[in-house]
Structures are given as structure tokens and as C-alpha cells.
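As recorded in Swiss-Prot, the features of this protein are as follows:
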type	residues	note
TRANSMEM	18-39	transmembrane segment
TOPO_DOM	40-551	topological domain 'Extracellular'
REGION	72-107	region 'Disordered'
COMPBIAS	79-90	compositional bias 'Low complexity'
CARBOHYD	Asn130	N-linked glycosylation site
DOMAIN	137-195	domain 'Collagen-like 1'
REGION	139-282	region 'Disordered'
COMPBIAS	191-200	compositional bias 'Basic and acidic residues'
DOMAIN	196-222	domain 'Collagen-like 2'
COMPBIAS	213-222	compositional bias 'Basic and acidic residues'
COMPBIAS	237-253	compositional bias 'Pro residues'
CARBOHYD	Asn329	N-linked glycosylation site
CARBOHYD	Asn357	N-linked glycosylation site
CARBOHYD	Asn378	N-linked glycosylation site
CARBOHYD	Asn464	N-linked glycosylation site
Amino acid sequence: MARGAEGGRGDAGWGLRGALAAVALLSALNAAGTVFALCQWRGLSSALRALEAQRGREQREDSALRSFLAELSRAPRGASAPPQDPASSARNKRSHSGEPAPHIRAESHDMLMMMTYSMVPIRVMVDLCNSTKGICLTGPSGPPGPPGAGGLPGHNGLDGQPGPQGPKGEKGANGKRGKMGIPGAAGNPGERGEKGDHGELGLQGNEGPPGQKGEKGDKGDVSNDVLLAGAKGDQGPPGPPGPPGPPGPPGPPGSRRAKGPRQPSMFNGQCPGETCAIPNDDTLVGKADEKASEHHSPQAESMITSIGNPVQVLKVTETFGTWIRESANKSDDRIWVTEHFSGIMVKEFKDQPSLLNGSYTFIHLPYYFHGCGHVVYNNSLYYHKGGSNTLVRFEFGQETSQTLKLENALYFDRKYLFANSKTYFNLAVDEKGLWIIYASSVDGSSILVAQLDERTFSVVQHVNTTYPKSKAGNAFIARGILYVTDTKDMRVTFAFDLLGGKQINANFDLRTSQSVLAMLAYNMRDQHLYSWEDGHLMLYPVQFLSTTLNQ
């Protein structure tokens, strides 16, 4: 235990000795730093005193020089020099050339004193020369020095007086549109405009429930149907001979005359009406034309029996429009296209390849067209002038036009002839001539047809079909017969003989598509129906009862 205590006291003593040694070392370093600082302070103090002494000497020299120069500047310019004794002048080496002028001598003494007794600082000399005049001699002006560096821009000066008004400048560009001003007084109400056109047909809705059974209709007129002449039946048995009559008295002999013309048979089987009456008189049976009874009537041969499968020619983006070919001249391959149901421009294509390639020229019409019922006949375009009851004939070659007003025709308030094609007037050309299909403004319900004279551009006759336009989707004319489709343009449900003025039984399919049928027209040059179906340009072959037209 005692040995452990002694070891602990030894360790504490060594620590105390280390601490005292560190304190002694720090004290020695502090004393050395203090001595070094005192030595530096003494050196700096002596250097400062030397600088102050030198500065004082320079100031005294500057003040002495300034006072001397001031004395020289105050001395009179014209004062004579002090007299000199002969010895002095003999000792003066500068007097060998004679006494100089007083002002030259004064200047020489000044220069001598300056060179002998003082070294003048340049700054002091410059200040002296600038403050006193006549002390410093100036030589000739030296060449101008180089231009100095550009100085800083000065402060903005005050605005000057406004100058005179200059000449008027050019018109500047249009500025921005200003704010809307105060609304003016209300003007007089304008005339009431026409109602806008219907929008495009929407999608077909869901099929509704069946309606109630309607009442039985009136019995139809059988005489309106075209009846085909039947085949000749077998000859009946001869009747019993009658009793012989009494002989008559002989007549006087007649004179011989020329043979008269042969009279045609009255009952030859080719009658102008809708039906042919076959007489029961046996005396006329043998004289009738047996071959004629085996043929159909000309009117029946002109009827359409069916429509063939369509061929698509082109697909365009416009829903409404027409594409037309010349009906009369088969050598003219041009095709004309009008886009939309209203416009003033017509596209003319050289032929069908140009139509497919999109190569065309524009033709500007004299009036806006309306509808999709235009035709081209003998190098002239016939169309409806928009917003009026007027037809226009525009000749392509001469670019001249004629107009024809159709009295009592419906052409406004969106009361279209055919709502599916936005059309008021539908023109048509067939083997019988030029026609126009329209609705009357008197009743506004029935479909009317007018035949036009191409030469005089006038109306020849009007035909009232009495068929309501509300049941019609579209229509066309072929070989003098009007054909009307249903409201969906899928079947032909009505036909009317325009030359005979009678209704004809007709009911056949037209197409299977339910797209918008904007145009439907018959062309007699190729016996096809031309249609515009929701942008599809289609051709339908037509099948007649007879392939040739009997006049």
C-alpha cells in the first residue's frame, strides 16, 4: 500500500513539472516577442524622424524658391542694372562681347540662378508659370498632340425650343384595333331573310313500334295502267249460215275510174292509246295484222324493268354535288362537277382519266347555282339560279347566258322538292327532250313536270302528276317517263307517262345503300343512271323492256 501511494505521488510530481515547464516556455516566448516589438518600434521611429526632417528641408527649399521667384516677379521691368566697377567688368568673361541689353541680362541672371542654386520640381515650375505672366519664356507652339480618349457623356441638357412643323410624312402602317366604341343608335330592321338549309341527315334511329292499321284505301283507276296486248287466240268455229236474201235490181253501169289508194287497216294491233281493242267481228279478223299483235306497245317498250349493279367511279369528300356528262354529243368526253348544293364555280375535266387524276379547270358562272339537279345539253349548262324561280342556260363556248322564269314554282323557305338533295328544281334530259321537275307554290304538295323547248328556251307544256312530294326522295326521267323513288331512295315506287298523261305501274329496287343520295340523273348516251351518294360517284346500268326505242 505504501509503495502504491509513493507511485501516485511520483506521477503527480511529474505532471506538475511539465506544466511549470510549459508556463516557463510561454513566458520566454512572450518576453522575446516584446523585445522584438520594441526594436521594431525604435527603427520605425528613427525612420519617421528622418522622413519628417527631409520633408521639412524640402518645404523650406520650396518656400525659399517661391519667395525668390515672387521677388523677381515684383521687380520693375525697365529698371537699369546697378553700376559695376571696371574691375568687375574686366573679370566678367561674358562682357567681352559687349554689354547685353538690360532685359536680356535680367533673363540671363534668372537662368543662372535657377541653374546654379536650385533644382526646381516640375510641378512647382508649372504652377509658377501658370500663376505669373512674363517670368517663363514660351517657345513656339508645338504640333497638336493626338486626340485624347473620349470622355464620359455629359448630363442631359434642357429641352430646346420646338422647331417649325415639318412636311407631312408618308402614311404609316395600320395600328392595332382600338377598343370598341359606344354602340350607335339602332338601325331600321332589315327584310326577313330566308330560312337556313337543313343540316346533314343524322344516323338512322331505332325502329319504332308498328303503327295502327290504316283504313282501306279507295279503289284505283285501272285505266291508268299500261296493258300489254296479249297473244291472238284460236279462231272460233264458224257460225251457221244465214238465210239468203232476195236479189236486188241491177244498177246502171258506172264509168271506169282510176284505182284509188289502199286504205290502212283500222285494227292492226298498233293503237296510239294505252290499250288496244280487238274487234269481235269475224269479217275483220282475217284482215288484221297478226304479227302486230305479237309485239308490245311502244309505251311499254320504253319502261324500265330493272336497275343493274352499280360501279363506283370516284370517291370525294363532299356529301352533296353533281357530276354531269353531255347527253346529246357522244363524242364529247368532258365531265363537269359541282361541289356542294350551292356555289358559283364549276370544275371541268377533259375526260374520265382527268377526273380520276384530279386535273381540271374552273368555270365561273354568271349566277349562283342551288341544288343538285343540273344537266348539260348541247354544250350548255342548265341550272337553278339560287334564291329565285329562274332557270339559267349557260353556253360553255361563248360564255353567254339566258334566263327563264318559272311561274308559281316553289323555291324558298326550305320547302324543297327533294329534301334529301336540297333541291328545288331538278332538270332532266332524255330521248324526248329537256324537262324540269318542280313543285307548285300554289298547293306546295304535288310534283309537277314542265317540258322545255331548247331552241326558244321556253315552256311547252306543264304536267301535274298529283303525286305528293312528301313521299318522294328523288326522281329522274327516261324515255318520256318520270320515275320517283321512296323517301329512303332505295326503290322506285311511282312512274308517270309524261306524254300520255297517265300513271304507270312501277315497283323495282334501285340500290341497297342508305347513304345520302344527293343526285340521280339518267343519261341517254350510255343508258346509265348517274348518282352522287355521300361523296361516292356511281353508275347504274338501266334495263329497258326493249333495247330499241320505237318512235
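Cβ coordinates come from backbone N, Cα and C, glycine included.
On the structure: features taken from Swiss-Prot.
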residue	record	DSSP class
Asn130	N-linked glycosylation site	helix
Asn329	N-linked glycosylation site	coil
Asn357	N-linked glycosylation site	helix
Asn378	N-linked glycosylation site	coil
Asn464	N-linked glycosylation site	strand
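Nearest in space to Asn130 (N-linked glycosylation site), taking C-alpha to C-alpha distance over the glycosylation sites Asn329, Asn357, Asn378, Asn464, is Asn357. Here Asn329 (N-linked glycosylation site) comes close to Asn378, Asn379: these same-chain residues lie at least six apart in sequence, with C-beta atoms under 8 angstroms from its C-beta. Under 8 Å, Cβ to Cβ, and six or more positions away along its own chain, Asn464 (N-linked glycosylation site) finds Ser440, Ser446, Leu448. Packing around Asn130 (N-linked glycosylation site) is summarised by its Cβ count: 9 other Cβ atoms lie within 10 angstroms of its Cβ, all protein chains included. Other Cβ atoms within 10 Å of the Cβ of Asn378 (N-linked glycosylation site), summed over all protein chains shown, number 14. Other Cβ atoms within 10 Å of the Cβ of Asn357 (N-linked glycosylation site) number 11 in total over all chains.
Computed over the topological domain 'Extracellular' (40-551), the whole-number mean pLDDT of the model equals 77.
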